[in-house]
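According to TrEMBL, the protein carries these features:
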type	residues	note
BINDING	49, 139, 269, 303, 391	substrate binding site
BINDING	107, 108, 240, 304, 305	pyridoxal 5'-phosphate binding site
MOD_RES	269	N6-(pyridoxal phosphate)lysine
Ligand SMILES: *Cc1c(COP(=O)(O)O)cnc(C)c1O
């Protein structure tokens, strides 16, 4: 099965070897740049799948990990706790308003844990609720529970019979100069209200911006009205901020930008600045209280070998330091994108431009929208030839760069997209 350009022992995610171009071989990362083994340097315009928050090789995070590794690299978290985990829990509680922190290993598990907590919380109260509600187009990860609440798609097709049932409300995505949004929002809210007539354990959403579902933005006021409906029904609200968290929305958390307060929040990706895999699920103290008691069945029986890995905690603390010491870097990114996106929006092939914090997106005019639209790989190839790494979602093209990206690099990204579009 050896194929030229592919390693004989590696199996890549989301990748069809029969049709994909072989992966590029990276030997180094620095700031916004990736260096390939042939010496080429690429701007990492999607932050290595949205995780590299500040930049590659960020020295303060690298130093924090090294120093932690010399002190304590790992310890079981049922019988022990350690200072790095305590500090991280205290700081995330202070900046999110959610008092309890449960650790896991990635975004999917952070979502799994939120779902299990919500489900079991109702059961622990002796009032089990059977319905979960998610939104159309949602992506919450690739483990089974996370897949079940995500939109059913080609990604989940093979596992369909194994996925639990989820009620689904429309996601009224919007963009610049969108005059149909009010009607779509009203229809979505009416549908959600109807679904909430069935006793519901939890509603899960990606606040403000659905990521993998196509960088689909909703209005802040829509989210506030969703929150009001969820509150009125008594259901728990789960915010999946795996992508939007840690400054991506221009605020520390997208929930804060929208003015909503969830009961549970899933975080990962930017948590460690993109250095180490770690996920956390934050919960209100009242949720935690529902798991305390002498009956063994009240316990949250979930855990991972690497729960609260000290290296991950140290990286996360150093990353938070940077976010808090240089807040203008995430707060001002949207204003830096805006003039570029305004200019690009005039290109004849650009549709539905939208912008949130450091994430700018648009769609390429096409009559066959979808993840498999060939315009994505074509644009990706054209941009790569010009030194910019993009990874369009079908016809949806987006920039989601590390916060260290400088003005020249940002200008270059837009120029490359413009040139690539023109040579389509
Ligand atoms: C990436 C992502 C996940 C899954 O995180 P992994 O670390 O890839 O498992 C979940 N939710 C959202 C919103 C994401 O963007």
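Using the three backbone atoms N, Cα and C, a Cβ is placed for every residue, glycine included.
Checked against ligand 1, the binding-site residues 49, 107, 303, 305, 391 give 107 as the ones with a Cβ under 6 Å from it, listed in sequence order. Checking Cα-Cα distances from residue 107 (pyridoxal 5'-phosphate binding site) against the binding-site residues (49, 269, 303, 391) with a 10 Å cut-off leaves 269, in sequence order. The binding-site residues close to residue 139 (substrate binding site), defined as a CA atom within 10 A of its CA, are 240 out of 240, 304, 305. Sequence-distant contacts of residue 240 (pyridoxal 5'-phosphate binding site), defined by Cβ-Cβ distance under 8 angstroms and a gap of at least six in the same chain, are 107, 110, 111, 114, 138, 140, 204, 205, 206, 207, 265, 266. Cα to Cα, residue 49 (substrate binding site) and residue 304 (pyridoxal 5'-phosphate binding site) are separated by 23 Å. Between the CA atoms of residue 305 (pyridoxal 5'-phosphate binding site) and residue 391 (substrate binding site) there is a gap of 32 Å. Of all Cβ atoms in the protein chains displayed, 9 besides its own lie within 10 Å of the Cβ of residue 305 (pyridoxal 5'-phosphate binding site). Cα of residue 303 (substrate binding site) to Cα of residue 108 (pyridoxal 5'-phosphate binding site): a span of 14 Å.
In this view, residue 49 (substrate binding site) is surrounded by 16 other Cβ atoms within 10 Å of its Cβ, with every protein chain counted. Here the Cα atom of residue 269 (substrate binding site) is found 18 Å from that of residue 304 (pyridoxal 5'-phosphate binding site).
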